[in-house]
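Okay, structure first, notes after.
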Amino acid sequence: MIWHVQNENFILDSTRIFMKAFHLLLFDGSLIFPECILIFGLILLLMIDSTSDQKDIPWLYFISSTSLVMSITALLFRWREEPMISFSGNFQTNNFNEIFQFLILLCSTLCIPLSVEYIECTEMALTEFLLFILTATLGGMFLCGANDLITIFVAPECFSLCSYLLSGYTKKDVRSNEATTKYLLMGGASSSILVHGFSWLYGSSGGEIELQEIVNGLINTQMYNSPGISIALIFITVGIGFKLSPAPSHQWTPDVYEGSPTPVVAFLSVTSKVAASASATRIFDIPFYFSSNEWHLLLEILAILSMILGNLIAITQTSMKRMLAYSSIGQIGYVIIGIIVGDSNDGYASMITYMLFYISMNLGTFACIVLFGLRTGTDNIRDYAGLYTKDPFLALSLALCLLSLGGLPPLAGFFGKIYLFWCGWQAGLYFLVLIGLLTSVLSIYYYLKIIKLLMTGRNQEITPHVRNYRRSPLRSKNSIEFSMIVCVIASTIPGISMNPIITIAQDTLF
């Protein structure tokens, strides 16, 4: 009799949970329509892979790219709609979140054609690779719209798990295995630290998990200036620091960049920073509203360390991917300036604008590295010497992307940095902006050093890798060059589109 009653209670509870989930999905599902498109694409990939042979490889690329493009289209149609909170307060849609989701989708859309030829040449498993890319993209999108502590923790874990698997995708490569191990260990440690910070925030607010409710809870409990909030701030900053990889949380970055497959590095180098920047902005600006001076100071220290250490160590690197790893550490220091400035003085708009240009500059550079690596099998900077004599198109494309990363006029990087530094100067961050200007000049040195190697025509300096260089016979059909051309164009002609981009970015307040 007791067992019968317990069984009935279990069935009733299960039915209630199912009906509640169905109700949420029915009424709130339209608010995550772009994410639903990606989920549908993932299901299609699995179905096609399990029911077909290798001849359907083009279909796998088509489905992946189409689902990403359709998701972007759905986001654009939803632009400028009223902000909405859905799924019992777990998810929020507004212009700020959607523009970061757009950037993540844009990164993934450009990274898939960047990976096609690489996967074919290295004979890696295709379906799983595309599944991990789409799932990581999905995790990043949910992170951008996360509105409570649980979702803010679960969404990046979804992204991180796929990142660990992607970084070790070439399992026979010792460097790839080493990179994955370091990435996994440091990722697990940072997640533990982040959860510990969340627990302090949860307790101090009286048991609230939604971001805005945490603020109300801190006011009600009078704990907004308590030591518990300071402890929470420190732990959360350290946890988020791993995702953003500023100094001194950057130790994993060079090894993962060097050991992982190059298309994976291209994907992780931009998507992780976009998603983490969106999350960091919301966490610092909403729950820690009353501790703005404290988190401003913490982020200023991280920005200064990142800009100085990243650019100084990049000068000494001999591997192109390690150089870009340290360069990315410096770049995130510039992005942090926008986070500190905030809504006032167009800080978020400058951060978003620079992030868009950084995506094109960085992915364009990695597209050139993927092409050169496939045709020569090397990643050493010295081996790029004389590339202009064999492939002027590739050499010029790489030079333009590097110059844009350095911030030379009239390229996109210059306009992005000028806007970012101007907003920082207007907000009174004089020392931070001066450090940014000096380190930008420093970065130009090591970028120009590489460009000088590319353009050299002296036979004694040209390496055997370039002497034996062979271009792809199917040049017009090379998907890597498609991504490269798109990124190079976006990195070099920003003047026409600069004002519309800034206008859109300014309309992203949350």
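In case you wondered, yes, glycine gets a Cβ from its N, Cα and C as well.
Look at Swiss-Prot and you will find 24-44, 57-77, 99-119, 124-144, 149-169, 183-203, 227-247, 295-315, 323-343, 354-374, 418-438, 484-504 (among others) tagged as transmembrane segment, backed by sequence analysis.
Here the transmembrane segment (227-247) has long-range neighbours at 156, 186-187, 189-191, 193-198, 200-201, 203-204, 218, 253, 272-273, 275-277, 279-280, 283, 288, 290-291, 294-295, 298-299, 302-303, 305-306, 308-310, 328-329, 332-333, 335-336, meaning same-chain residues at least 6 beyond its ends whose C-beta is under 8 angstroms from one of its own.
Listed stretches 149-169, 354-374, 418-438, 484-504 were compared with the transmembrane segment (323-343); the greatest number of C-beta pairs under 8 angstroms is found for 418-438. Between the transmembrane segment (99-119) and the transmembrane segment (295-315) there are fewer than 3 Cβ pairs closer than 8 Å, counting only residues 6 or more apart in sequence, so the two stretches are not in contact.
Residues 300, 303-304, 307-308, 333-334, 337-338, 340-341, 344-347, 349-351, 353-354, 502 of the same chain sit 6 or more residues outside the transmembrane segment (418-438) yet have a Cβ under 8 Å from a Cβ within it. Remote same-chain partners of the transmembrane segment (149-169), defined as residues 6 or more beyond its termini with a Cβ less than 8 Å from a stretch Cβ, comprise 90-91, 124, 129, 132-133, 135-136, 138-140, 142-143, 176-177, 179-180, 183-184, 187, 191, 194-195, 198, 201-202, 209, 211, 214, 243, 256, 259-261, 264, 267-268, 271-272, 275-276, 279, 283. Among the listed stretches 124-144, 295-315, 354-374, the one sharing the most Cβ pairs under 8 Å with the transmembrane segment (484-504) is 354-374.
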